[in-house]
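These features come from TrEMBL:
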type: TRANSMEM; residues: 21-43; note: transmembrane segment
type: TRANSMEM; residues: 90-110; note: transmembrane segment
type: TRANSMEM; residues: 122-146; note: transmembrane segment
type: TRANSMEM; residues: 198-221; note: transmembrane segment
type: TRANSMEM; residues: 242-260; note: transmembrane segment
type: TRANSMEM; residues: 280-300; note: transmembrane segment
type: TRANSMEM; residues: 307-324; note: transmembrane segment
type: TRANSMEM; residues: 330-353; note: transmembrane segment
type: TRANSMEM; residues: 374-397; note: transmembrane segment
type: TRANSMEM; residues: 417-441; note: transmembrane segment
type: REGION; residues: 455-476; note: region 'Disordered'
type: COMPBIAS; residues: 459-469; note: compositional bias 'Acidic residues'
Amino acid sequence: TRQCSYLISTCENRLSICNKISYAIGGAPYQITGCALGFFLQIYLLDVAQLDPFYASIILFVGRAWDAVTDPTIGFLVSRSPWTRFGRMLPWILLSTPLAVLSYFLIWYVPPFEDGKVIWYLFFYCLFQTLQTCFHVPYSALTMFISSEQKERDSATAYRMTVEVLGTLLGTAIQGQIVGMANAPCLPGPGDMVADVAYMISSGVICLIYVLCAVVLFFGVREQKEPMSFFQGIKLIMGHGPYAKLVMVFLFTSLAFMLLEGNFALFCSSTLGFRNDFQNILLAIMLSATLAIPFWQWFLTRFGKKTAVYTGTLSVVPFMILVVCLKSNLFVTYIVSFAAGVGVAAAFLLPWSMLPDVVDDFQVQNPESTGHEALFYSFYVFFTKFASGVSLGISTLSLDFAGYISRGCSQPEEVDLTLKLLVSAAPIALIIVGLCILYSYPIDEERRQGNRKLLQEQRDDEDNSETDSTELGNTV
């Protein structure tokens, strides 16, 4: 009987290829916009909007800090929102999209006044981050609601990882290639307007893709109804040891790669002198990361997720060292960047594949506590964005102290040294700390498979109880 109920449950929860692709496409907007903002917003504020580095650092830090604060708030609101015929997560995704794309577009618009520029960028940056949180937190939690089968969720996550890396590639390609054709000149002149328009065109294209992805996700995925409660949810989640350790690992490794991402474009254009080629170098990294996804998917199934995170993250370190130690050479930079992209894919995406395992582990240890999936994902995203805010604020303030010159044809030696530290030494140190914490992460492949069996047995027992209750009711 138990074997029959297992087979029936598996068939009911099996996802079609179309479902998996639709679910995966929903991850693209966050990666496309995040990549464009991460790589280009700093240089846009400094060289196109021509803000003082101090004010640029305030915008970047406050915007990300606000974004981080909204994640647990939205996670709470999502978990408390009523069930609709479209589900609980999907309405949040659809309704937040129109205003999100509008606010994103206005981030890349240079207003025709000087005095209120800082307020303009800070307001629309914070507004976009809030609205994107209303999209991304429910989307992340949706992983646990598309199927109750761990195998199906892992398969859907693999599709998602592939599309998300494609999203970073697409974001880099759209923003980099359009903007690269109209780089802001190092001296003010007639090229200013061309750069302004280029950023607006690229943001318009990204907004259109954002809307299309949201529509595909909404109509291509069916959300399964699960009971939700919030009683002592935060305390239970943050008190779960494996989750706390995974969050700390992700915090340090994310901070490392956010530092690299936020400063690499400026490093290529200012320190290496590749002002007209930096967008192509970024594209090489993202292309390599995209091509590496099938390899990492095979690697984690063959050797385990924990080993994959170690291997993938550490593989970036030699290239971080090489890029600052070798003399400026465009061909060598392309080779190093392409090779580094293989590790970047693993470092950014593999920790996300471990989160469903932590949720399953929590459910095994707390079988009576259900409905906290949105909180798990919202706090995970919170620490990611917190890391991003800290990295952008620190790096831009560091450049201000080093004497960065907006649109300067050359920069002081102190700026070059600062950029080298921000893309190499500091990220490496943070990676080492994160991986040291990962050593104590307790969920290995044996425990993961054991949790899977225990959860299936729990579901089978619930199904049998419901069947017995129904039969008893019919008899009476």
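Cβ coordinates come from backbone N, Cα and C, glycine included.
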Who are the chain neighbours of the transmembrane segment (417-441) in space, where the CB to CB distance is under 8 Å and they lie at least 6 residues beyond its ends?
242, 245-246, 248-253, 255-257, 259-260, 262-264, 266-267, 270-271, 306, 309-310, 313-314, 316-317, 320-321, 323-324, 347, 395, 398-399, 401-402
Are there residues at least six beyond either end of the transmembrane segment (242-260) with Cβ under 8 Å to its Cβ atoms? List them, or say none.
38, 309, 313, 320, 344, 347-348, 351, 354-355, 358, 361-362, 376, 379-380, 383-384, 386-388, 390-392, 394-395, 422-423, 426-431, 433-435, 437-438, 440-443
Considering only the recorded stretches 90-110, 122-146, 307-324, state which has the highest number of Cβ pairs under 8 Å to the transmembrane segment (330-353).
307-324
